[in-house]
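Since the structure comes first, as structure tokens, the remarks are kept for the end.
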Amino acid sequence: MDVGSKEVLMESPPDYSAAPRGRFGIPCCPVHLKRLLIVVVVVVLVVVVIVGALLMGLHMSQKHTEMVLEMSIGAPEAQQHLARSGHLVTTATFSFGSTGLVVYDYQRLLIAYKPAPGTWCYIMKTAPESIPSLEALTRKVQNFQAKPAVPTSKLDQVEGRDAGSAPSRGDLAFLGMAVSTLCGEVPLYYI
């Protein structure tokens, strides 16, 4: 055996892979484009993971809410209890900015509006299918205020207490607790 043949055996085997060892290579792309492509892929993967986690959390929250509602209302005795105490959740009170207070009484189908100075109170009867929004109520009150005022005694005689009339103090029982609390001490006007 000669010395030259030993050297041939000590050499490393040839590399048949497409990319050099230890380097990820994309053929025919400059280095800065390769780095940009890697950054874009990493950012997209991070966004996909975050959106997936948020959607899973939203799904779990929705399922939990549905389960709690089903447990609280689903039982027959719970439905009977809600039917018996239905009058407890029939009013909604909204602060109308600094201009006043609005009370919706869904059981009696009454809406009461008291302006902030508190000198009068407007009461409106509604139908169950056409309960006005706060904006519609504001327009109606503003239209009522823009009309010329007719003395209430004339209204009581002619129209039998129609729009714009003021009731006597004995009529407050039909208004309910929330509306009579809001409007108990000031003159009432029916719109």
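Glycine is no exception: its Cβ is also placed from the backbone N, Cα and C atoms.
Swiss-Prot has this to say about the protein:
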type: LIPID; residues: Cys28; note: S-palmitoyl cysteine
type: LIPID; residues: Cys29; note: S-palmitoyl cysteine
type: DOMAIN; residues: 94-191; note: domain 'BRICHOS'
type: DISULFID; residues: Cys121-Cys183; note: disulfide bond
Model confidence over the domain 'BRICHOS' (94-191) (mean pLDDT, whole number): 72
Which listed residue (Cys28, Cys29, Cys183) has most other Cβ within 10 Å, given these are recorded positions: Cys183
Pairwise Cα distance for Cys121 (disulfide bond)/Cys28 (S-palmitoyl cysteine) [Å, integer]: 80
Distance from Cys183 (disulfide bond) back to Cys28 (S-palmitoyl cysteine), taken between C-alpha atoms, in Å: 82
Reduced DSSP assignment, Cys28 (S-palmitoyl cysteine): coil
Integer Cα-Cα distance in angstrom, Cys29 (S-palmitoyl cysteine) to Cys183 (disulfide bond): 79
